[in-house]
Amino acid sequence: MEEDDLNPAGKPLYRLYFKGLVTEEKEMLLAGFGVAICGDKDDLLFDLKVSIHDPTITLLEVELIALKSGLNQAVSLGINHISICCDHEYIFELVMGISTPKQESIALLLRDVQGIRKYLTSSIPVMLTQNQSNLAYDFAIEAISSEIIIDIPAQKETCNICLNDDINADQMFSVDKSGHMCCSECVKRHIEVRLLEGSLITCPHYRCNSLLTSVRCGNLLTPKLNKMWEQKTKDELIPVMDRVYCPNPRCSTLMSETELSGLNIGVRRCCVKCGEPFCVKCKVSWHNNLSCDEYKTLHPNPTENDGRLRDLANEKSWRQCSKCKHMIELSSGCISVVCRCGHTFCYQCGADAGDCFHGLGRDDLDLTQCCGSCCCFVFFLVIIAIVVTIILLVRRFS
């Protein structure tokens, strides 16, 4: 959410920065928070440092107490318009009303926060980017943490992906549904690879199928990756059987056949991106003054461009998806590939997933030989078990 879009014209807009801290030191739970209210130019107008003596308090509770205190002070100072600068995704969602608190203590604190906001003309929740969060630490958190009563050492975490054990706690990423944690850099690289593969963006943890969301991970990615993710989300909303691709090789934009049908009559369609007309039935550029049957009769063989594409595909060992006819090139990795239409097939032979034995360690897999080898191995294990049993019996009765 952009502040400039919601800032009333001619009205001064203030910023509220808040941060809660909880740590366990010498078998004692220490907690405290800092608050800073800044002007338009991020000049510090007010700061507050408070320690909390409660062995049962949680970090989320401390963060909300800090926010509540900051809003109270803003009202006391006569401020009417203020931005609530959040660096905690869940708190941002709570204040925006996107998420609902599960714990009663959090619900009570959130109720107080929303009640105080009613005394302000406008209070805009803003989710800080990583760079903005660093700036917030520079002129707000650092300005108050040096005077805060508790002394909290930098907490280090270990990433389960890269195994780096010297990562600051605020650089760790937690997957909402599974709770798995890894460093932000590993999450970023994982999402980038998944986007380039066209695969589902799941938790980076091994064999975890929990889905990641762009809202949760957007601040970790570049604008280009965010745009790719946004487009991928839109594409996934189109049913597989309703997908149609622009035949223009320089475009290949994915579209919904149902939506295109509502804009045109007959089989002539126009690409929503490049504008080139095409036949939705033949999946080729528009054949003027020819019906589909007439076009197929006059063009029984592939066009010159189709022939070039076929020769290039043979030369590069490309595979064509049997479902949507899209060409796919595998540069590296597993030979079981997933087309952008969702169809999975073997890159080596082109068969549908599960219909061949490629990728099992041998390309010339012989089932008879395989079964024979397995039987020999089992027989070998049985012989070893018998020998071990005989030795144990001899030792027992000798």
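Keep in mind that glycine also has a Cβ here, set from the backbone N, Cα and C atoms.
Within the listed segments 33-68, 105-140, 321-356, Swiss-Prot records zinc finger for the stretch 321-356. Proximity of distant same-chain residues to the zinc finger (321-356), defined by a Cβ-Cβ separation under 8 Å and at least 6 residues beyond the stretch ends, is recorded for 197-199, 235, 240, 243, 245, 252, 254, 283, 309, 313, 363. Under the three-state DSSP scheme, C324 (Zn(2+) 4 binding site) falls in the coil class. When secondary structure is read from DSSP and collapsed to three states, C282 (Zn(2+) 3 binding site) falls in the coil class.
Rounded to a whole number, the distance between the Cα atoms of C341 (Zn(2+) 4 binding site) and H287 (Zn(2+) 3 binding site) is 26 Å. Of all the binding-site residues listed here (C251, C279, C321, C339), it is C251 whose C-beta has the fewest other C-beta atoms within 10 angstroms. Local packing around the Cβ, expressed as the count of other Cβ atoms within 10 angstroms, is greatest for C246 among the binding-site residues C246, C324.
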